[in-house]
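Accompanying notes for the structure given below.
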Amino acid sequence: MEVTNQSNGCSNNEKESPYISSVLPGWFSEISPLWPGEAHSLKVEKILFQGKSDYQNVMVFQSSTYGKVLVLDGVIQLTERDECAYQEMITHLPLCSIPNPKKVLVIGGGDGGVLREVSRHSSVEQIDICEIDKMVVEVAKEFFPDVAVGYEDPRVNLHIGDGVAFLKNVPAGTYDAVIVDSSDPIGPAQELFEKPFFESIARALRPGGVVSTQAESIWLHMHIIEEIVANCRQIFKGSVNYAWTTVPTYPSGMIGFMLCSTEGPAVDFKNPINPIDDESGPKTIAPLKFYNSEIHQASFCLPSFAKRVIESKGK
C-alpha cells in the first residue's frame, strides 16, 4: 500500500500545524516538536475515512495491532485497544472522589468516550458536552460505536461550539464536575491550558466542585505541567493533584491529569469515596476495562523527579 501525505488529508494544514504525520508504505507515523527526536508508528491495514472539517483534518484507519484509530490533524486521539485507559481515568478520578455528582460538563471529548464513562454514575442527572467540531462526533458514531455509545444516554445535552465561550456563559456554581478532554496545547487548544480558562472553570463549579483536565506527560512536558500546576494552585483553593495513567499509543506511553477542587467541602482525590464497579452504568455499555479503586489510588504516586517539581509549585 502506497499512501502519501496528500492522501492522508494532512497536507492542507501542514503550514498551520507543527505536527508532521504521514502514512508511508503501510505505516502511520506521528512526529511533533512537543516530543522532538522521536516518533510513534502503527501499521496501517486500511484507511477507513479521510475528511477536512472547518477546524482540522480527520482520519480513521484500521491498524494491525490496536484496532481502529482516530487521528486529528495528524495526531492519534484514540485507538480501540487502549482508549479505556484514558477515558475511564479522566472521568472516574474526579467523579469517584465526590459524593453523588449531579451535573457534569465535558469540554471537548467529541468521540463520546468520556460521556460513556460519566453515564456509569447513577447519581448524575445532567451531562452537558461542548465539542467544537461536529465532524468528530459524526465520525465517532460511525466508526467507534462502542466509544460513542455515551451519546445515547438521555441525560446528555450536546452543544456544538467553542468550549471557552460556552464556559463564560455558564451561571456561577452550576456544575459538580467539569472534565476537559483537550488535545495538546498547540493552536486553538492552547487556550484550554491557560489561566483565564481555569478561572472560568472555577467560577462554573459549585463549592467543593471538581475538575479533571488532560495534563500532558511527565517524561516530555514537565515545563508545561509546572505552569499548569502553578496556575491551578492560584485559582483552586481546595485540592490540587497530578495523576497519570498508561496509554501505549500516546507519546511516552503515558498521559497525566490535573485534579482540582474549589473551596468548600474537602475533596481527597487520592481516596475514592464514591466507588463504581464493573457492572455500573447502562446495560448497553461494556464493563470497565481499566479503572478500579486500587489503580485510582496508585495513579497519584509519582516518580521522584516529577514529585519534586510538582510539590515545589505548591510552596
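Heads up, the Cβ atoms here are built off N, Cα and C, so glycines get one too.
The S-adenosyl 3-(methylsulfanyl)propylamine site recorded in Swiss-Prot includes GLN56, GLN87, GLU131, ASP162, GLY163, ASP181, and the single candidate from ASP111, ASP153 that the record places there is ASP111. Largest Cα-to-Cα span within the S-adenosyl 3-(methylsulfanyl)propylamine-binding set GLN56, GLN87, ASP111, GLU131, ASP162, GLY163, ASP181: 22 Å. When the Cα atoms are compared, TYR86 (putrescine binding site) and GLN56 (S-adenosyl 3-(methylsulfanyl)propylamine binding site) turn out to be 22 Å apart. When the Cα atoms are compared, SER182 (putrescine binding site) and GLU131 (S-adenosyl 3-(methylsulfanyl)propylamine binding site) turn out to be 10 Å apart. Rounded to a whole value, the Cα-Cα separation of ASP162 (S-adenosyl 3-(methylsulfanyl)propylamine binding site) and TYR250 (putrescine binding site) is 25 Å. Confidence over the domain 'PABS' (25-262), given as mean pLDDT on the 0 to 100 scale, stands at 94.
Of GLN56, GLN87, ASP111, GLU131, all annotated as binding-site residues, the residue with the shortest Cα distance to TYR250 (putrescine binding site) is GLN87.
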